[in-house]
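Colleague: Okay, here's the structure, questions in a sec.
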Amino acid sequence: MDIFRILSRGASLKKSKDITTDYAVPSRKQFVNEKQKEENLKSVVDKEVDFFHTKKHTSHKETEKKNDEGEDEIEDEVPPLTISSDDDARKLRKLNKSKVSGEDIPLPIGSFEDLIGRYKLDKKLLSNLIDAGFTEPTPIQDEAIPISLEGRDLIACAPTGSGKTLAFLIPLVQTILQSNPNVKNYGIRGLIISPTNELAVQIFQELNTMTKGKKMKIGILSKQLANKINNKIINSSKYDILVSTPLRLIDSIKNETISLSKVEQLVIDETDKLFDQGFVEQTDEILSNCTNTKLRKSMFSATIPSGVEEMAQSIMKDPIRVIIGHKEAASNTIEQKLVFTGNEEGKLLAIRQMIQQGEFKPPIIIFLQSITRAKALFHELLYDRLNVDVIHAERTPKQRDEVIKRFKSGDIWVLITTDVIARGVDFKGVNLVINYDVPQSAQAYVHRIGRTGRGGKAGKAVTFFTKEDDKAVKPIINVMKQSGCESGYSGWLEDMHKLSKNEKKDVKKHEIKRKQISTVPKIMKQKRKQREEMIDASKRRKQESQSNTE
């Protein structure tokens, strides 16, 4: 059997004869049994190299049991964990590194089956969870689901890729299923707000999976749906749950084509962004239109600064606060590294060195601070014959969706982007995140590198910095320390002075002015400029000559 052919199937990676770099496929060390018979090798390897799990794979449990002749003992199936006492809860929270504060805190759950006995979880909802491959809850789900099902307001902070979306979708769907008024076009009862269209689409896809087989109307307020609602082609009251970005929803509210008066469950995802400048007024307007006296609010994010938390607390009723790990720490599955490149030219050289040394293992996401710089790096890496594309705010939603789809399917190996996809968008198999430009805050850093190391899988994040980044890099070091990644930076960086509040604000508000991305020598640039000037001068002389002739 041709092993290389098998290894190259699952991810659909397009290869070129011109590419000589050794792009390593993902490691096989996680295989349960390397001695499986030849007929099982294909399916196992296909699953390994299917970076983003876009294909359905059957369980290998039975096959492993039959073929693992060297194993004398097979582990007994562990019964679902149930939490029935404060002592059980304390042990679980210690294990999960969960910090929970508030009055009358419900016990966490130890398994999804635990929800059946305690909250009569809808059987079809549980079946949909299992069919989607969700067999046991994550730490944030352990806490957030019972808190929400008890009808309590919630502020939740957990690392990127830790399952926050399911943590609010499961109780949202369950609550609405239980409170079905059996009235046609009753009105929107569940509302989910997210800062970006990409994240809204992803949430809607998860919601669609959870509600499969149930008589529940769900919608995402896309441009097309908003137009139909605003033109009264569709009645918005038909929807039980609506997912939307703030501005589009506000536009429909002002047109009086969407009413939020029946909303019982409000979820604000990426709370730190939606309570930040530029979004906070929109968020406040949405909240003012949610007039139901029984309204329950949930707020989720990977980072929640103190100022944002204070604002959130002020609009909530007796909330419970859940922190998994540290408030501004990255997932412990991400290996973080700071690389000093000296100057801007050194960044491109650093990428090319990573390629030569075999550290450039796709899929990869590269973040830059501006659209102009993202475009420039895209063209530079195209010259290196890399399988690369770029996504930014100037591209249409349709173009961005297509690029994301191609990246997930493996047609694109390297995705260059701005912060437009830094939040929430789930790429399950990203091996490496490169911060070509240092992010302007600890929150932005955590969200960027959170595109890797998701769902408990290992990932790596590399951040390039120059002499101009002396202030911007300090918050990054603090996140790395909280995440246990002290080995990822040089010791002399510890001696940098602590930033004042004003310095932090200044770094966050003002982008560092950087040189143009290019490795073209200075003398070549001068020659190009001289040539362009000569061409322009020739054109002017020709135009003047034509004018004189006339």
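Glycine too: its Cβ is placed from the backbone N, Cα and C atoms.
Positions annotated as ATP binding site by Swiss-Prot: Ala158, Pro159, Thr160, Gly161, Ser162, Gly163, Lys164, Thr165. If you look up Swiss-Prot, you'll see 69-78 marked as compositional bias 'Acidic residues'. For 145-322, the entry in Swiss-Prot reads domain 'Helicase ATP-binding'. Residues annotated as domain 'Helicase C-terminal' in Swiss-Prot: 333-497. Annotation source Swiss-Prot lists region 'Disordered' at 53-83, 503-550. As annotated by Swiss-Prot, motif 'Q motif' applies to 114-142. If you look up Swiss-Prot, you'll see 269-272 marked as motif 'DEAD box'.
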Colleague: Summarise the motif 'Q motif' (114-142) as counts of helix, strand and coil residues per DSSP.
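Modeller: Within the motif 'Q motif' (114-142) the tally stands at 19 helix, 0 strand, 10 coil.
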Colleague: According to DSSP, does Gly161 (ATP binding site) sit in a helix, a strand, or coil?
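Modeller: It is coil.
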Colleague: Which has the fewest other Cβ atoms within 10 Å: Pro159, Gly161, Gly163, the binding-site residues listed?
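Modeller: Fewest other Cβ atoms within 10 Å, among the binding-site residues Pro159, Gly161, Gly163, is found for Gly163.
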Colleague: For Ser162 (ATP binding site), which residues in the same chain are close in space, meaning a Cβ under 8 Å from its Cβ, but six or more apart along the sequence?
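Modeller: Sequence-distant Cβ neighbours: Thr138, Pro139, Ile140, Ile324, Ser331.
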Colleague: If you draw a 10 Å sphere around the Cβ of Ala158 (ATP binding site), how many other Cβ atoms fall inside it, taking every protein chain shown into account?
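Modeller: Cβ-Cβ neighbours of Ala158 (ATP binding site) within 10 Å number 26.
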Colleague: Roughly where does the motif 'Q motif' (114-142) sit in mean pLDDT, to the nearest integer?
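Modeller: Per the prediction, mean pLDDT sits at 93 for the motif 'Q motif' (114-142).
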Colleague: Just counting, how many other CB atoms are there within 10 A of the CB of Thr165 (ATP binding site)?
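Modeller: Result for Thr165 (ATP binding site): 24 neighbouring Cβ atoms inside 10 Å.
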Colleague: By DSSP assignment, list the helix, strand and coil residue numbers for the motif 'DEAD box' (269-272), in that order.
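Modeller: Counting residues per DSSP class in the motif 'DEAD box' (269-272), I get 2 helix, 1 strand, 1 coil.
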Colleague: Counting across all protein chains shown, how many other Cβ atoms sit within 10 Å of the Cβ of Lys164 (ATP binding site)?
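Modeller: So the Cβ neighbour count for Lys164 (ATP binding site) comes to 24.
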Colleague: Please list, in sequence order, every residue of the chain apart from Ala158, Pro159, Thr160, Gly161, Ser162, Gly163, Lys164, Thr165 whose Cβ lies within 8 Å of the Cβ centroid of the ATP site.
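Modeller: Same chain, not in Ala158, Pro159, Thr160, Gly161, Ser162, Gly163, Lys164, Thr165, Cβ within 8 Å: Thr138, Ile140, Ala167, Ala302, Ser331, Gly450, Arg454.
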Colleague: Across all the protein chains here, work out how many other Cβ atoms are within 10 Å of the Cβ of Thr160 (ATP binding site).
Modeller: 24
